[in-house]
């Protein structure tokens, strides 16, 4: 009798609170329902999502999960332990954030100098009209075309020598289908860019070339090991590059290691929306299928929150958030500035967009062809 009365009161309360929403939701079309449960549209096209429906579903899930957990906790000790753990997990994460975060550089002249000078950079150099990407010729083109900075990608050979190449496998740029991590430096030096007699540079050669030509650099890291960290520190101190180099990458662990090795080195957090679930910059080609794709999309939403809220860059002590141009906005720049973080964009190849970045937002960017940037 009492249980029946309890359930009647609970159902009546739910209808009283959510009754109007339930009535309105019965009028939604099938397409509107599909849009509301599309994770990608939730982030990129929120105007197509019915937030009332998602709010109702969220409350139902919360109430349902709490009810089930309460029943299970009465019987199972393990469930009680899980509930206590979940209760204290946010506190543990907050403590870990403050204990292990890297303090940001503040009022450092070399940081101000870097972001004052950098306006336009070359993505893998300025590679066009037969100039191979990530070649010394592409880096020289940046300077000749009015850019201040060359972005280069670092890989590591089997014998521990850092070299310059975007892909971990050289087949796309040389025609030789082999992973750089399985080559020794002699094998790498024998490679030539497709259709040329131009060799791929080592990291040391690329740095020396940019220094000689007065070019600033972005070192895009793919996999940081102890040997590479030592070479970073040596290059920075030998050529006094603290105001001329930014180290950035998609893997936050890599830039975390760099900051730990030398806190003066400028580092960035590179990111774009849907990086984990898609393979292209326009975020239209799925990286996985089925359940794996759904999991990747959920992880991408979490990454979006960490990136847009600046929690991850602040934890890493990042000096700049290096975000895809599609994710850049005046609101993001204001939030970053309030947290002593600069904003930069990759990769803009549209003249109007470049003018907007440079003249309206005052945000530095990289492009594939520096020569086409409006003067």
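The backbone N, Cα and C atoms fix where each Cβ goes, and this holds for glycine too.
Record note: among 11-31, 32-52, 53-73, 53-73 is the stretch given as transmembrane segment by TrEMBL. TrEMBL lists transmembrane segment for one of the ranges 79-100, 101-122, namely 79-100. Mean pLDDT of the predicted structure over the domain 'GP-PDE' (118-357): 96.
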